[in-house]
Structures are given as structure tokens and as C-alpha cells.
Amino acid sequence: MEEMEEELKCPVCGSFYREPIILPCSHNLCQACARNILVQTPESESPQSRRASGSGVSDYDYLDLDKMSLYSEADSGYGSYGGFASAPTTPCQKSPNGVRVFPPAMPPPATHLSPALAPVPRNSCITCPQCHRSLILDDRGLRGFPKNRVLEGVIDRYQQSKAAALKCQLCEKAPKEATVMCEQCDVFYCDPCRLRCHPPRGPLAKHRLVPPAQGRVSRRLSPRKVSTCTDHELENHSMYCVQCKMPVCYQCLEEGKHSSHEVKALGAMWKLHKSQLSQALNGLSDRAKEAKEFLVQLRNMVQQIQENSVEFEACLVAQCDALIDALNRRKAQLLARVNKEHEHKLKVVRDQISHCTVKLRQTTGLMEYCLEVIKENDPSGFLQISDALIRRVHLTEDQWGKGTLTPRMTTDFDLSLDNSPLLQSIHQLDFVQMKASSPVPATPILQLEECCTHNNSATLSWKQPPLSTVPAEGYILELDDGNGGQFREVYVGKETMCTVDGLHFNSTYNARIKAFNKTGVSQYSKTLVLQTSEVAWFAFDPGSAHSDIIFSNDNLTVTCSSYDDRVVLGKTGFSKGVHYWELTVDRYDNHPDPAFGVARIDVMKDVMLGKDDKAWAMYVDNNRSWFMHNNSHTNRTEGGIAKGATIGVLLDLNRKTLTFFINDEQQGPIAFENVEGLFFPAVSLNRNVQVTLHTGLPVPDFYSSRASIA
């Protein structure tokens, strides 16, 4: 109903129609508003003068459209009647409904009569504010227009439907809300008044009581007052003039202008026109249904555009990040070449400095020796060595010959980076226009038989469907966080296999893959669920260890070639979960103090574990142990190690603690708390110690039970 409200409002005042009249153009106006927009016309254009000249064809004469000039209406908001020299230019205003209306050139004379009965200025003209068609009124004025009783009824029903809840009509003071309505009595009752005034017995027992809303509808459908003829106000409409397309009364047929016209029964034409309107509404209803479906389609397009925008932005960011990564890798390669050239130049210059320094020291020594020989007063002794000294001086002087005092290396770097082609390519980087002939790639298929996990790493393999004809330029692999969180990109490239390291142990990950080309991105593949290992299997890492560390037994056993402490790390890092590993002492000579614990990847490798702030360790000899971090020694504990001893390390990242064990007994209290981040198993030892690593071990039972109690 609310969508119909604009149909019920006057285009002049913007309010609901009051006493609406129908213009010959089929538009409606309030009777008062119609009077307010009347305009006087010259005498020569009056209906009487037109009929006297034989040019009148109707009681309502429209002004010729070529005589009415509405120039610059869209720009300046003014209109005028250009056909009359005496007609003043009339400003054109906008009503609350947004249509242009023409107010009268002069204010209407004061009158105490109703708008319908008040006299209309002579030779008045009215212009429809909706279609701008103009017509000159006859002597009847506004009374010559029929009243729109149907529109009044629709407005009444609409306003009633918007009104508050119906009240009881028999309550003496504050009316209560009505609960029923009697159709025969036409009265709304509350429950107390119904029992008191309308008991369900006697003659009233046959009355039909209905809910208030239904009773309101019954009232709306009750017969309304029959409209009267505009020419004969005491006569009701009884027939319909087919030629004039308007209802007429009996007197119009007897003596009026409709006497020779074809007329039909008002009721028959009423039913016929209702049927025609219903048929027309069926077609309009189909169009409205199509419009609603179209609006749904447009709203879905808005949602799809938003989703595609997010996906396209993600793809763009991924492509730009790939370019940046490639540039960073190339930057690292070029910097490595610069560093290599830098080291080479320094080596050459330092070698020349060393060589020149030695030679200068020898020359200076020879000069000082020769000066002391010259001071001697023994001629025979001098002559015995003078020839040899002279030869040595000349030989040394020749060694400082040409080129000896010239630098073998320049200070300039003979390298020049030509980045202009790359900069030009970056400036030319732009989107390729998408074409229908270049569809997106097909959805990739994960090859389950080749997908697997090992420790905290996952390997995934995929391929394009066998019948796919659209090539893929690359793939985007996404994993969640192992805890049911959002997906994130872990690989973007052309390869069809990828290994993702650094995942959490004992965690479940979801993986998916999609392909892309210049046109766009494919749909995601089916999600693959991956389970990482419950416990960690790892060995020592030769790549990050000190060069003095000696490896054997598939990198599970280590010792050292130096008497100084050297550090070796495990290959696997931990950032989540509970992890336990052990080390057995295979050789223990001269009571050294090896250290066991965890460390960051960038820990110092040439000092005892725990000397810097990158390691958390326990170092132990044959009698006692200490905990050490950042060269701070704490918690001296009795009990040491010997050959065959077992050291256990328990890293609980859930509780953020590190605990040590010797021969299955906890060594001291909890060594360290509030440890968080990424840690690698670590050991420091010298040549007097050899240890073997044991991994894949479950957490000790006594610790698990203690943790569950806590």
C-alpha cells in the first residue's frame, strides 16, 4: 500500500487529494489547487468568441500547442504563453511532487464561497501540471469537471488502513481496543461492551461477529454515495456515453448534447471496463514481476562485483608481490656479486700491504746495519764485508723497482647496473583487456596420491584437468592457520608441486589451489585436509653448525675437533605444542661441561650455549649443573653426567616452559619460563664429548599427568 501513496497525492500541493476533479487529459487535481493555478486569457480566445466564429468544437478548448512556448523550462524554471501579446510571462514553480505548476498571474479575488462555487475569473485557462496541456474554461468554471469519487474512496481506505487500532464505539470514557465488529449492527465492541450490549441470545444470536480488521474491510466495501451529473446536479449518472467516454444522466440524453450519441447501461460498461483494467493489470503485473527479478539480478551482480573485486585485488597483490620477490632475489644476487668484488679488492690490497710491510722492514734493517758498519774503524774488517753489503744494497734497491710501489687494485668498482629496461617495463605494466575468447583456466585437481606430510612440513601436488584447453599461467596455493582460521597464500607460481615448511606439529591444516591467467582466476579446488606429525623426527643440521663440528650416524651423532665449545642446531624448529627429545653421552673425557637446550637460528656458534641472549641451556659436568641464558648462571644443582648418561629436553610451548632431565629424573626446577617464539634444539660441546640424538619420543608420562592436573 505504501508504494501507492504517490498516486494519491496532488501534483500541486503534494498532499492527499481533497475533492479531486478529473481534467479532460485524465489527470487529477484538488479543486482548490485547480483554482489556484488558473490563468486569464485574452478576450479573443474565449470559448464564446470561438463558438461565435464557428471554430468551437467542444466545451473544453485546448490551446494550440504551437501557441504555447515553454522555453528554457529545464534551465531557468520559467514558462510563458507566447501566442498572446498581452499575456504576461508567468513563473513556473515546482510542487512537492516535483512537477512544474503555473500559478495565476494575479491573486484571486476574496470570496466566502467554497472553491467549487466561487466565481471563476472571466476567460480563465488551466494548464495540467503533469502533461502541460492547457484548456480554456467555459461559464461553468471548475464545476464543469467531474469529481473523482473513486479516487476519494481509495484515499479514504488508504488513510483508514494507516490509522491506529480500532476502538470500541460504546465505551463511555476512555475507549478500549475493539475485539469484534457486528456486521448487522455495524458497531465495534470491546469484550465488556459486547457482553453487556450484544449478548449472544435472542435475536442478536443470529448476528455475525467478525474481527475488527475484517469489519473494517466490510465497511470499505459498503456502497458509497452515487455521483451526480456535472451538468444536472440533481440527477445521478445512469448511462455511459460511448462517444464522449463519460457517464451521463437521463436528462443529458433527453435534452443535452448526448441525445444523438450511442449510450450503454452504466452497470454493463462498469463491468466491461473493470474487466479491461484487470486484463491490463495482468500484463503490468508480469512486467512488475520481471522488474523484481531484474532487481534481484542486479543486487546479485553488486554482490558478485564486490566478491570479484576482492578476488581480483588479491590476485593483483599476489602478482605484484611476486614481482617484488623476484626483484628482491635479484637484488640479493647482485649484492652478493658486489660483496664478492669487495672482498677480492680488500684481499689484494691487504696482501700488498703485508708484502710491502715485510719488505720495508727488511730494507730498514739492512739500512740500519749498513750505517753501523760504516761507523767501524777497522779497515780490513770493513773490506771483508763491504762488497757483499754493496751487492745486497743494490739487490734490495732493484727489488723496489718499477711497479713495486704501484697499487695492484683500484678503489673503484667496475660494475654498472643497467636498470632502464626494467624501469621501462614497470612503467608499461598495465592490465590486459579481458576478452570473451580468453576464458579463465579450469579448476586444478589435487593429486591425492602425491600429497603427504612429514614432521611439520606438507607437500602438495596438483594438475590441470585432462580435457582442459585453457592454459594456466600460474597457481595460488592457500592454507589455513591449522586452527580453522582464514586461508592465506603460501605459494604463487608456475610449479605444480610445493612443500610448505614451518607448520605446527600435531595440527590439522586445510589446503586448496586455484589457477590463474591474464583473463582471471579459476574456482578453488576441493579442500584437502592435512595432518602434521604428532611428534618430531629430526637430526642435526650441518648447514648451520660451526665448521669444527664433526657429524656421523646420518647426522644424529656429533663431536668436535676443537678444545673450544662449538654449537650445533637441530634441523627442525618449534613454535607450538609440547616436544621432547634426548641425547646420550657416547664419550666423556677429562670432565668437560657440554650444554644442552634450545636456541634461535642466529645464535653464536663459537661460544658455549647460553652465553648470548639467543640460547636457553643447561650446562653440566661430572658433579653438578647450571642453567644459563645471556651469560647469567642460575640454579646450581647437584648431579652430573658420565659416559652413557641420558639428557632429556622438554620444551612446552603451550605453558611456555623449558625443563631438563638426567637419566629420567628432572634436573632442578623448571629451567626457564615465558619462552615463546621459534626455537631449535641445540648442543654445545668440545672434542672431549660425543653425543647421539634421539627424536620422535612421546612426552614422559609423569609430565603428562602433572600437566593434566595443573
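Every residue gets a Cβ built from N, Cα and C, even glycine.
As given in TrEMBL:
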type: COILED; residues: 288-344; note: coiled coil
type: DOMAIN; residues: 10-50; note: domain 'RING-type'
type: DOMAIN; residues: 163-212; note: domain 'B box-type'
type: DOMAIN; residues: 224-266; note: domain 'B box-type'
type: DOMAIN; residues: 374-432; note: domain 'COS'
type: DOMAIN; residues: 440-535; note: domain 'Fibronectin type-III'
type: DOMAIN; residues: 517-702; note: domain 'B30.2/SPRY'
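Across all of the domain 'Fibronectin type-III' (440-535), the predicted model scores a mean pLDDT of 91. Under 8 Å from some Cβ of the domain 'B box-type' (224-266) lie the Cβ atoms of residues 140, 143-147, 149, 153, all in the same chain and six or more residues away from its ends. Across the domain 'B box-type' (163-212), the DSSP tally of helix, strand and coil residues reads 13 helix, 10 strand, 27 coil.
For the domain 'COS' (374-432), the number of residues in each DSSP class (helix H, G, I; strand E, B; coil) is 31 helix, 0 strand, 28 coil.
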